[in-house]
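Structure, as structure tokens:
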Amino acid sequence: MKTRHWSVLSLLALPALSQAEAITGEVHRQPLNIEAIVMFVLFVGATLYITYWASKRTRSRGDYYTAGGRITGFQNGLAIAGDFMSAASFLGISALVYTSGYDGLIYSIGFLIGWPIILFLIAERLRNLGRYTFADVASYRLKQRPIRTLSACGSLVVVALYLIAQMVGAGKLIELLFGLNYHVAVVLVGILMVMYVLFGGMLATTWVQIIKAVLLLAGASFMALMVMKSVNFNFNTLFSEAVKVHPKGLSIMSPGGLVSDPISALSLGLALMFGTAGLPHILMRFFTVSDAKEARKSVFYATGFIGYFYILTFIIGFGAILLVGPNPAFKDAAGALLGGNNMAAVHLADAVGGSFFLGFISAVAFATILAVVAGLTLAGASAVSHDLYASVIKKGKANERDELKVSKITVVVLGFVAIGLGILFEKQNIAFMVGLAFSIAASCNFPIIFISMYWEKLTTRGAMIGGWLGLLTAVILMILGPTIWVTILGHAKPIYPYEYPALFSMIVAFVGIWFFSITDNSEEGQQERLRFKAQFVRSQTGLGASQSSSH
């Protein structure tokens with residue numbers, strides 16, 4: 001039960017981040033899928049043309065980091081959805097609904113909870129105070145160098161963990177869907193990722209994410225429509241027929257079958273809720289619009305698209321119970337689903353649309369990976385070039401050309417690192433990295449951004465000590481927990497008994513920031529508190545905020 005519980009949680013631990021959890025363990029390679037490969041080549045061709053087009057329009061630092069602030073709220077909402085909806089969500093949640101029914105809906109709603117937090121607490125102030133990265137906001141009235149160093153470290157750790165999970169997941173997913181070799185798949189994803197970001201910057205990344213979101217929503221909508229058509233558009237029929245054919249019977253309509261440990265569940269819930277508001281590649285998207293109003297619209301549209309997508313995955317999961325489960329064509333000799341339960345949605349695509357639509361859905365799953373890794377790579381590169389190189393090493397005196405050069409070098413380095421780690425971690429269950437990435441985002445990035453915008457008494461000392469404590473607590477508790485301490489390191493019992501650290505590491509971060517700020521009586525601390533009023537005015541009004549013209 002414990003292993004199953006972990007595998008389910010890890011499967012879903014991140015929508016935006018990881019096909020890895022959707023495809024953990026051994027992969028059964030499928031036959032070469034010609035339709036899928038043709039459609040994927042068409043997608044790559046189209047996106048490479050977009051990259052060429054974007055490269056002609058990417059001239060300045062602002063163009064490269066934020067597409068010059070010229071993306072509209074609607075476009076950005078679609079791009080955020082494209083950045084957030086992963087193959088893990090599409091395959092993983094529909095697979096969870098296929099195996100466990102109603103519990104799948106609970107998990108998918110969990111992913112949505114973080115967006116109202118971003119809408120009401122983060123989006124407008126972030127856009128008014130920042131320019132290229134969230135470190136601009138965190139360091140607005142505090143000491144630039146230490147805060148930017150901490151923010152960049154938090155960003156890079158999250159990006160690195162996500163990238164490893166993405167690359168391993170990408171290799172396994174492509175091996176599973178296309179029949180391609182794992183190493184070939186990882187290298188292919190790495191090369192395409194570098195090309196998008198290196199030449200097209202944020203503009204190319206945005207349009208890759210928009211196209212991917214449209215394709216994924218269109219494909220999932222068609223699948224859900226065909227499922228509903230098969231039951232005459234009657235939900236009662238869908239559910240009652242599913243109950244009849246599912247091995248678990250009526251229990252698939254009840255919640256609570258997956259979570260045996262409430263502390264781990266609460267910790268995961270907190271990480272999902274608040275970690276979303278600390279993901280660097282998501283936060284960076286708010287600087288691509290012209291003002292706070294468009295930033296707010298972005299979240300509104302993104303929430304709508306993401307919510308709609310999770311409703312579709314629920315219908316797709318029940319459709320798979322009905323149309324895939326009883327069909328022997330999709331089973332092996334032992335009666336198990338071909339390719340594993342994570343293939344439920346892919347088999348449903350075959351059942352409702354034939355081999356052509358199966359090829360389309362397989363290609364969309366690959367496109368999903370490319371869109372997510374491109375956003376991650378750009379976020380990592382900007383943390384190095386803008387926060388570490390320009391602001392810390394050069395103390396704000398770097399010229400634009402050098403900063404862009406550093407950013408592009410970082411993109412290439414990240415590409416090599418991602419490919420290398422993807423190959424290195426091929427046989428590992430890398431699901432714990434995803435939980436750790438979200439926990440770090442919730443324990444380090446989110447507290448600093450949130451408190452810097454809302455609490456007048458915050459000082460550099462408090463932010464630094466509390467932020468580092470949150471980050472280190474999350475990492476240490478994860479190492480001492482059951483996944484690493486027992487499963488990987490081979491000890492008999494875990495020192496920290498729960499799966500996720502966010503419940504405790506967030507408390508450590510917030511208490512640390514509060515305590516070390518209120519006990520800071522230095523002159524610098526007093527000055528930082530006095531600068532809050534000017535920050536508050538700008539965060540509310542946008543007066544003095546960087547406009548697209550200044551990018």
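Heads up, the Cβ atoms here are built off N, Cα and C, so glycines get one too.
Within the same chain, residues 177-178, 192, 195-196, 199-201, 203-204, 207-208, 211, 215, 355-356, 358-360, 362-363, 366-367, 370 sit at least 6 positions outside the transmembrane segment (34-54) and bring their C-beta atoms closer than 8 Å to a C-beta of that stretch. The feature transmembrane segment is assigned by Swiss-Prot to 34-54 (among others), with sequence analysis given as support.
According to Swiss-Prot, the transmembrane segment annotation covers 77-97 (among others), on the basis of sequence analysis.
The transmembrane segment feature in Swiss-Prot is assigned to 150-170 (among others); the stated evidence is sequence analysis.
Residues 44, 47-48, 50-55, 57-58, 63-68, 166-168, 170-171, 173-175, 178, 284, 288, 369-370, 373-374, 377-378, 381, 408, 411-412, 414-416, 418-419, 422-423 of the same chain, all 6+ positions outside the transmembrane segment (184-204), place their C-beta atoms under 8 angstroms from a C-beta of that stretch. Positions annotated as transmembrane segment by Swiss-Prot, on the basis of sequence analysis: 184-204 (among others).
The transmembrane segment annotation in Swiss-Prot covers 207-227 (among others), and the record cites sequence analysis as its basis. Panel annotation: around the transmembrane segment (207-227), residues 43, 46-47, 50-51, 54, 75, 78-83, 85, 90, 196, 238, 305, 308-309, 312-313, 315-316, 318-319, 322-323, 345, 348-349, 352-353, 357, 360-361, 364, 367-368, 370-371, 374-375 of the same chain, lying at least six beyond its termini, place a Cβ under 8 Å from a Cβ of the stretch.
Non-local neighbours of the transmembrane segment (263-283) in the same chain are 9, 13-14, 16-17, 80, 83-84, 110-111, 113-115, 117-118, 121-122, 126, 133-134, 154-155, 158-159, 162, 375-376, 378-380, 383, 435, 437-442, 444-446, 449-450, 498-504, 506; each lies 6+ residues outside the stretch with a CB under 8 Å from one of its CB atoms. According to Swiss-Prot, the transmembrane segment annotation covers 263-283 (among others), on the basis of sequence analysis.
According to Swiss-Prot, the transmembrane segment annotation covers 304-324 (among others), on the basis of sequence analysis. Using a Cβ-Cβ cut-off under 8 Å and counting only residues 6 or more beyond its ends in the same chain, the transmembrane segment (304-324) has close neighbours at 15, 77-78, 81, 84-85, 89-90, 93-98, 101, 104-105, 108-109, 111-112, 115, 213, 216-217, 220-221, 223-224, 226-228, 230-231, 238-239, 241-242, 245-246, 252, 330, 337, 344-345, 347-348, 351-352.
The transmembrane segment annotation in Swiss-Prot covers 356-376 (among others).
Outside the transmembrane segment (406-426), and at least 6 residues removed from its termini, the chain residues within Cβ reach (under 8 Å) are 64-65, 159-160, 163-164, 166-168, 170-171, 182-183, 186-187, 189-191, 193-194, 197-198, 373, 377-378, 380-382, 384-386, 389-390. If you look up Swiss-Prot, you'll see 406-426 (among others) marked as transmembrane segment, on the strength of sequence analysis.
Look at Swiss-Prot and you will find 430-450 (among others) tagged as transmembrane segment, backed by sequence analysis.
Within the chain, the transmembrane segment (469-489) has long-range Cβ neighbours (under 8 A, six or more residues past its boundaries) at 2, 6, 150, 153-154, 157, 429, 431-432, 435-436, 439-440, 443-444, 447, 495-502, 504-506, 508-510, 512. The transmembrane segment feature in Swiss-Prot is assigned to 469-489 (among others); the stated evidence is sequence analysis.
Residues 5-6, 9, 261, 263-264, 266-268, 270-271, 274-275, 435-436, 438-439, 442-444, 446-448, 451, 455, 457-459, 461-463, 465-467, 469-471, 473-474, 477-478, 481-483, 525 of the same chain sit 6 or more residues outside the transmembrane segment (498-518) yet have a Cβ under 8 Å from a Cβ within it. Residues annotated as transmembrane segment in Swiss-Prot: 498-518 (among others).
Outside the transmembrane segment (77-97) by six or more residues, the chain places 8, 11-12, 14-23, 71, 103-105, 107-108, 111, 169, 173, 206-214, 216-217, 220, 281-282, 285, 288, 297-302, 304-306, 309-310, 313-314, 316-318, 320-321, 341-346, 348, 365, 368-369, 371-372, 375 with a CB less than 8 A from a CB of the stretch.
Below 8 A, the CB atoms of the transmembrane segment (356-376) and the transmembrane segment (150-170) form 3+ pairs separated by six or more positions in the chain. Nonlocal intrachain contacts for the transmembrane segment (150-170), taken as residues 6+ away from its ends with a CB within less than 8 angstroms of a stretch CB, comprise 14, 17-23, 87-88, 133-135, 138-139, 185-186, 189-190, 278-281, 366, 369, 372-373, 376-377, 379-380, 383-384, 387-388, 392, 414, 417-419, 421-422, 425-426, 428, 430-431, 433-434, 436-437, 440-441, 444-445, 448, 463-464, 467-468, 471.
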